[in-house]
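Participant: Handing you a structure now.
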Amino acid sequence: MKSPCRAAAGWLVLLLSSCCLGYVIATEWAAAVTTDNGILFFDSNWRKISSAAHQYSRISAFAYDEVLGKLYFADLDHPEYRLFALDYDDTDELHKVTKLLPKSAQTAYISGMAFDHLERRLYWTEKGTRSVYYVAIDELLSSTRSAAAAANGTAAAAATAVEATTSAPPPSSSSPVQLVATVQPDHELAGLAIDECRRHLYWTNCYPKTSNIVRAAMNGTVLNVHEEQVYLPKGITVDHYRNRLYWVEKKYGRRYTIESADLEVNDQRTLQTGLDRLPADIAVKNDYIYWTDQENNEIYEMSKEPNAPSRTVYRGEHPSAVILRANLLLEHQRNNPDCRSVVDRILENMQNSKPASVLQQETQQQGQLTVCLNNGTVNHHTNTCLCQPAFGGKLCEIDLCNNYCAQGSCRIGRDNRPRCDCDRRYEGDRCDRNRCDGFCLNGGRCQFSNGTAGRTEEEMGDRTCLCESTGYSGARCENPICGTDYCYNGECYVEEGKRPKCRCKAGYRGERCEEYSCNNYCLNGGHCTLGNETTVPECECGEEFAGQRCEIAVRLCSTYNEDPQWQQYCLGISKTLPLMEPKVTYCKESFNRTVVYTSLCFTVSFALLLAVVLVVSRMMKPPRPRITKKMVVTPMTSRPPTTQCEITIENCCNMNVCETPCFDTKLLKKSKKEDKQFLLEDIEDVGGSYRKLPNCGDGTAERK
């Protein structure tokens, strides 16, 4: 059993260790961005805290190893090597860069990169060979360290630059690079991502005519290809929080989009679209998306919801790729059912692969190793703690739910973040806001209806507002009972029962003071005026009428002054008034418009009827017969030439009725068909009608 003094000393050492680590915690990087001037590191508020790898000016892709805390990146301008590893140290300005793989056909043009923590493999896409490759990173790092130690003779070689650099050995005949898959010639590989929980690879093809998103097994077997509504996709990432994919596209012309789909590359959604942007890479963290824009040299942050606004978190040196250090797999996915088994295997492998320095420390200095509280796991590669769900801090000493929810119960979500189930009277991320605060407007009083203590997301209608004596109504006392235009000529007030009432100005009346007091007040032509003091309407009546509103005819009071029914109306009116007959005036220039209009309509109708009859009779009247042929009477064979008679009918219209044989009054009684038949028969008959004709010329010629 430990003594109290030793136990107290142990806790003191632990407390001092936590205090000493405070500066480290404050300066830990949360995001890394590749630029034309190396790699930049930022804190959680996107403030620049450090930079590294300044001599590498064309970094095309990089990936993060959560177990070793290393950054692997590819530089396309280095004359000899393509793949590098960066050891970032928060407390040291000298960030060690290790050269891993030399330039070759397999590493010439690396465009995308991803790291698999379970199998400890680094994957990348290479444009020149149109292939996906991987390398076992632990074996590569081990061979690199061995070769460097053999070449230098000692590990304490002095650094000659800002970053210390360790070179890898010359490439051997057996390359550690392994081929995963090769795409078709009309494909151009771009981004690469890994779903470590479900063991899938995703890569993008940005060739214009065959653009697509490919999902494949870890051995390169293609599972499905998504081509619909995909054009020039670039960076791609896996969101383990929501089990979705996110990628960026450069659309036709000036357009760009941020796209999303499920892990089977279905259910595609466009989260954002716009103009004049050149997106290159994308990363996710919690509820936000971050993507780089090489057109304006900016990094944007936006929510994962569609059409969410974006804000600029960085503007500077041509950012190309971005990584968010969220310890997503090891810390935040232990509550994810799809990732729990993978995370447990990763942690087991991590414990079984302790560095030699740690093994030596365990042998020589037992009891002085780093201790993680609350069943946390020590990562001996980085000398940090991987905490159990519900705990955090450098040594897992912080209970994430301790005093987190002000009015409610705390639970740990699948992203290893605390969540609050609020009591029915409170809301907010930490249940720190009363739901009645500011709910009722204009002085209304808020109260909760009876219900259970628990409250679901849909149960929002359990609070009501009491708007008594406020002059307002509505669910939140937002509607004024007395609107600005309720009383037209007066003042509005609320009476008991929440009903609006009007106090009218002098000279107005009505429920809403809408009527002038003198309007239609005086009858029978009386003149209305308002009293100067009482503002009560008064009537000035003519000679024939009397009464308060000129409603009593004076002549009736003179006639029925003894009638009790009339006495109440005629009281006060003189009984000696003469019997007056009502005056009737006539307008001298008046006329009966009805008679005039009726006569006018009758005249017009008769004229129209007459015109119609004339037109119809004219159309029904048969036309006169007309002869259009030239008639010649040929000489008779039995007659001598001197006795022949010849008549030529040229124009019957030039003859009068008595002279021409073309006109016969009897023909008018016949129809056109009979008239034509008679005419033809008469022409064919030589004797015909001409036997009835008188002698031609001077009468000397006679017909025989």
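Note that Cβ sites are derived from N, Cα and C of the backbone, with glycine treated the same way.
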Participant: Return the single candidate from Cys420, Cys422, Cys465, Cys467 listed in Swiss-Prot as disulfide-linked to Cys440.
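Facilitator: Going by Swiss-Prot, Cys440 is disulfide-bonded to Cys465.
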Participant: Can you tell which of Cys385, Cys387 is bonded to Cys372 by a disulfide, based on Swiss-Prot?
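Facilitator: Between Cys372 and one of Cys385, Cys387, Swiss-Prot records a disulfide, namely with Cys385.
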Participant: Check Swiss-Prot and name the cysteine among Cys467, Cys482 that pairs with Cys477 in a disulfide.
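Facilitator: Disulfide mapping in Swiss-Prot sends Cys477 to Cys467.
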Participant: Check Swiss-Prot and name the cysteine among Cys541, Cys557 that pairs with Cys550 in a disulfide.
Facilitator: Cys541
Participant: Could you give the number of helix, strand and coil residues in the repeat 'LDL-receptor class B 4' (243-288) as assigned by DSSP?
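Facilitator: Each residue of the repeat 'LDL-receptor class B 4' (243-288) counted once, the result is 0 helix, 30 strand, 16 coil.
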